[in-house]
Amino acid sequence: LPLLLEATLLRLASSSHHPFYNGFYYNRVMNDKDKGQEKVVYFNGAKLVVETSKDPIYSSNGANVTLPCHYYYEPDMEAKRKIRIKWSKLRDDYTKEQDVLVAIGKTYVAFGDFRGRAHLHQAGRREASLVVSDVRLKDDGKYRCEVIDGLEDESDVVDLRLQGIVFPYQPPHGQYRLNFHEAERACQEQGAILATFNQLFQAWSEGLDWCNAGWLADGTVQYPIHLPRKPCGGLHLAPGIRSYGPRHRHLHRFDAFCFSSALKGEVFYLDHPAGMTLEEAKQSCQDAGAEIAQVGQLYSAWKFLGLDRCDAGWLADGSVRYPIAKPRANCGPTEPGVRSFGFPSKGRFGVFCYKER
């Protein structure tokens, strides 16, 4: 890029100026002598309108997705300048928006984790859609499409949602041992990320009931309850998401709610007649050209691939679990789910392995 153009794009990306009229048009208010009503006079005589999808756009881990965005003028007119487009991602904790991409005409720059994965799709007239390839877990969220024409700018927001599963997570050393940053790391080590409130709410609506409080991505601590009971906020409270609100991210300690999406590979089970220790289990997966599965990978295989195995197996964090898609006798409760034996210090079991396709 020429230095001047690149500098212009960078200034556009870093701008946080949002005046009352969103920087969209210059206007002055005057009295209408005929009807006594206020009248808005636009800077260029036309109103810029930006529209995105009102419905969420759904995708999954590793897929490609297009976030639609179009703009037009009322009344219709042709732009007299090169249109500038800025895409940004709204953060869950309402801090500064994350820059995704800025463009002037056909020239664009993508930023951060979106570099090399994001570009504009401008096949149609006045289209400013964003294409994101190899979608990642943390791409889930709200995106702002902003169109700037000289002194006029307008924006709209579209919601990208990943199809996934929320699961509660406790570390090997017990309940309520994680501060916020440790909870983030714990989820990442299990092939997942901290869940958002919307993801937890969706999981609750699908039946998730868990009486231990856990961190969410916005720094709040909450837990989902379907069957009200005394130890879980009170017997007479309605079902719903119980909230402790924002907690101190360093001092306070809880569990975590993690979010995982579809897999790029497969989870399979290996066994040995005498069972295996954790170290032997890891080696068995390596001998099979795979690696020992993470907790998030097991949940995803159960949720999206229907993995059903009534045999306990080691996972990467040292826990022993097994997935049941079709409940039956001698395989735990009557509901589908991932059963857990906790973190046994001794014992010999099979192992769940994960292999990329």
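Cβ coordinates are placed from backbone N, Cα and C, and glycine is handled just like the others.
What TrEMBL says about a protein is an automatic prediction, not a curated fact.
According to TrEMBL, the feature domain 'Ig-like' maps to 46-158.
Marked as domain 'Link' by TrEMBL: 165-260 (among others).
Taken from TrEMBL, the feature disulfide bond applies to C211-C232 (among others). When other Cβ atoms within 10 Å of the Cβ of C211 (disulfide bond) are tallied across all protein chains shown, the result is 14.
Residues or ranges marked as domain 'Link' in TrEMBL: 266-355 (among others).
There are 15 other CB atoms within 10 A of the CB of C310 (disulfide bond), with all protein chains counted. If you look up TrEMBL, you'll see C310-C331 (among others) marked as disulfide bond.
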Using a 10 Å radius on the Cβ of C331 (disulfide bond), the other Cβ atoms enclosed count 15
Whole-number Å only: compute the distance from the Cα of C211 (disulfide bond) to the Cα of C331 (disulfide bond). 23
Cβ atoms near C232 (disulfide bond) (within 10 Å, other residues, all chains): 19
Any idea what the Cα distance is from C310 (disulfide bond) over to C232 (disulfide bond), rounded to a whole Å? 30
Within the predicted model, mean pLDDT of the domain 'Link' (165-260): 96
